[in-house]
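Here the structure is laid out as structure tokens; the discussion comes afterwards.
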């Protein structure tokens, strides 16, 4: 929180070209061209933080803010260092031409307007951060760092006990925006399910579980979790647009965009369907007040939404992957027997596949071509001595993420520093959990094969697996062992599977007559 907001010059800085530089910096405000850059390109999330700061500055302008700023000018400056644990340790000011951009002076008057003090309670946040790390981790830092850290913060900023400081509002505003975004994502998730024709009770169960799942605590309660929230919101909107494109692409229909829903009707080029039942009963919400859009326009909207999601967090681009998987499954079901399945699937997936590949290439090769390097403490499996240990340990990481979805009894903001031991032997009992995960996924995939009515299960599996791929250590090694925040979007697929399973159990077990499905 401190490094991404207070320590980020793109958020609290005041420079003439900040609106341009934010697109060339990482999540922490470091230029992407630097070797020290983390490589996390999330400019839209950074801009949302800056909007929070701007609103707080407007609301808190007054006598209290002016007094706060005057007191702040009389105290010594605090330098933002590159330390990940203590980014606001007070140190002497040195002028270094080579590392001029590596540190930002929080107390520098040039970064703030005359009536705009720093907006977060540094003392409260850093003390809680200091106490949340184990003592063994503290011992790895010099003693001078421990002694200077709390005192320097107390002397550099006024006490947080006063209710008139702007920090009390700013902290609340950041968290309030996250909660509002979580509500919007939940509504968007349910809207996607309704848009593809999922039943009302399944939508209700999946939506309630997604809204209240404990694994979302880190993404919603943590300020930096806004990247997940914004990416998920763009993800849902882009996926909704792709389903409209998908319906028009395979069924040769024009799409209608209406207030609160969508509808479709035949155009002049009727599609001569095969005897195979059409899979697009799977897509089914309708509305009356509408304006017509051609099918290619929905693909443009979907690709644009994926690009926006990618600028919030890397997972946002996976919405096209989910759409392509559902598109392929629907094409397999609806392809006439006298046509080549491979040719038909390739032709149908070509526009979306090219767009997805272009976005991935743009992100990997153009925006941030350097691959960040992580320490063994961040990701022990990536530095394992042999391939067997790496493969088994990474599989263990997958099973731990799955366990957090199924049974979130143990939650933590940091799973590094040896919290999850490496798996080096095939006889290790930890491999049983990994095997159970893989068998479960394979079983669900087998159930979907050739079943038109199970396209919704294909959607659930795609939502569960594809958004998790960037964090799976398969495309590239990541800088964490287990992270609950990366499960925010994949949990959509899990919640849908739970709701579908509950509906299936309800149908086979003895019960009273089912009440009518709730209206959308």
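FYI, residue positions are counted from 1 along the chain as it appears here.
Note: Cβ is positioned from N, Cα and C throughout, glycine not excepted.
Bear in mind that TrEMBL entries carry predicted annotations, made automatically and left uncurated.
The region 'Disordered' feature in TrEMBL is assigned to 89-108.
The transmembrane segment annotation in TrEMBL covers 198-217 (among others). For the transmembrane segment (198-217), same-chain residues at least 6 beyond its ends with a Cβ under 8 Å from one of its own Cβ atoms are 182-183, 186, 189-190, 404-405, 408, 411, 456, 484, 487-488, 491-492, 495-496, 498-500, 502-503, 517-520.
Residues or ranges marked as transmembrane segment in TrEMBL: 229-246 (among others).
The domain 'DUF1736' annotation in TrEMBL covers 370-441. When pLDDT is averaged over the domain 'DUF1736' (370-441), the result is 89.
Residues annotated as transmembrane segment in TrEMBL: 435-466 (among others).
The feature transmembrane segment is assigned by TrEMBL to 486-506 (among others). Sequence-distant contacts of the transmembrane segment (486-506) (same chain, six or more residues past either end, CB-CB distance under 8 Å): 189, 193, 198-199, 201-207, 209-210, 213, 215-216, 219, 225, 228-229, 231-232, 235, 315, 318, 401, 404-406, 444, 456-457, 459-465, 467-468, 470-471, 514.
Cβ atoms under 8 Å from those of the transmembrane segment (435-466) belong to residues 196, 198, 276-279, 282, 318, 321-322, 325-326, 329-330, 332-333, 395, 398-399, 402, 489-490, 492-494, 496-497, 500 of the same chain, restricted to positions at least 6 beyond its ends.
Residues 44-45, 48, 178, 181-182, 184-185, 188-189, 191-192, 195-196, 219-220, 255, 257, 262, 283, 293, 295-296, 298-299, 301-306, 308-310, 312-316, 318-320, 322-323, 326-327, 330, 352, 467, 488-489, 492 of the same chain lie 6+ residues outside the transmembrane segment (229-246) yet bring a C-beta within less than 8 angstroms of a C-beta in it.
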